[in-house]
């Protein structure tokens, strides 16, 4: 979901490997495909040091890109990170291996309640483990929004971007949306009072029409560019992933560029997503992949990743190790009251997904 480490990162092989990893280390290269900027800077190096396995690490910024590679076959990857809303149909399509839990002793660290919830997409939790989760909400530059809007900008509401008279005021300072129809159109549906997983053509059309009304005031649709643009003050509002916006905030603070970034979960509610770790059916290094999955389930490793990417994780044993500032931030770890207003992204039927994609193409073109 971000771009800090570049398109491809080859983790250098370091000397040594631990006992019990000999079989995994027989195959010395592991190909991992993950969301951009979604791992700690030294995670891969630590894995290589422990196992002797090099990691070739590529990134993407949409589920659609990953799914196209998986369904085409021979993706070339050993580990991938699909969102839960795409997982069920990909499992049905037979693109993933079942996990050999006998080789995953760190499985015990996972959040049991979350694992139960995730069985809706993956019965028996046979194919994937939770990596990170988060929300899709409003990232904004309070100074630029105030300059454009005045003191009464509804920064805690979808009204900020879904009412034409509001978003029109923000055009001069820049507004971006995720380029993800299956995550953003449900936000419009929810705002209009419809179910986010509706397959009603009239309701889907209403969401499309809402976006066409605000389209002239949207600067761009992209699923990662907004991070640097928010951090640098190039845009003033981004509808994006919670952790990405917090990373933009951190980058601005590190740069000391006098840019302030904040994040709100809209009071009407918002979508929540779960990103999973899975092994493709055609993985060439299954043993190395299992070693990597087990490594990610180490509490100290997962806590370090959360501290960097600022998304909450699905590892119960890791939560106490996450920095207090992140654990106590309601934008990252929402309160129970806010959690009740969140919805999960549905596993949409192919017909509905195609309809959303057609609408999205129309919305982006503005026609």
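Heads up, the Cβ atoms here are built off N, Cα and C, so glycines get one too.
Taken from Swiss-Prot, the feature signal peptide applies to 1-24. Residues annotated as putrescine binding site in Swiss-Prot: 36, 37, 244, 275. The annotation disulfide bond is assigned in Swiss-Prot to 173-236 on the grounds of experimental evidence.
Listed binding-site residues: 37, 244, 275. The one with the lowest count of other Cβ atoms within 10 Å of its Cβ is 37. If you take the Cα of residue 236 (disulfide bond) and the Cα of residue 244 (putrescine binding site), they are about 15 angstrom apart, rounded to a whole number. Its own atom aside, the Cβ of residue 36 (putrescine binding site) has 20 Cβ atoms within 10 angstroms in the protein chains shown.
Of the listed disulfide-bonded residues, namely 173, 236, the sparsest Cβ surroundings within 10 Å are found at 173. Residue 37 (putrescine binding site) sits 25 Å from residue 173 (disulfide bond), counting Cα to Cα. In this structure the C-alpha atoms belonging to residue 275 (putrescine binding site) and residue 173 (disulfide bond) are separated by 31 Å.
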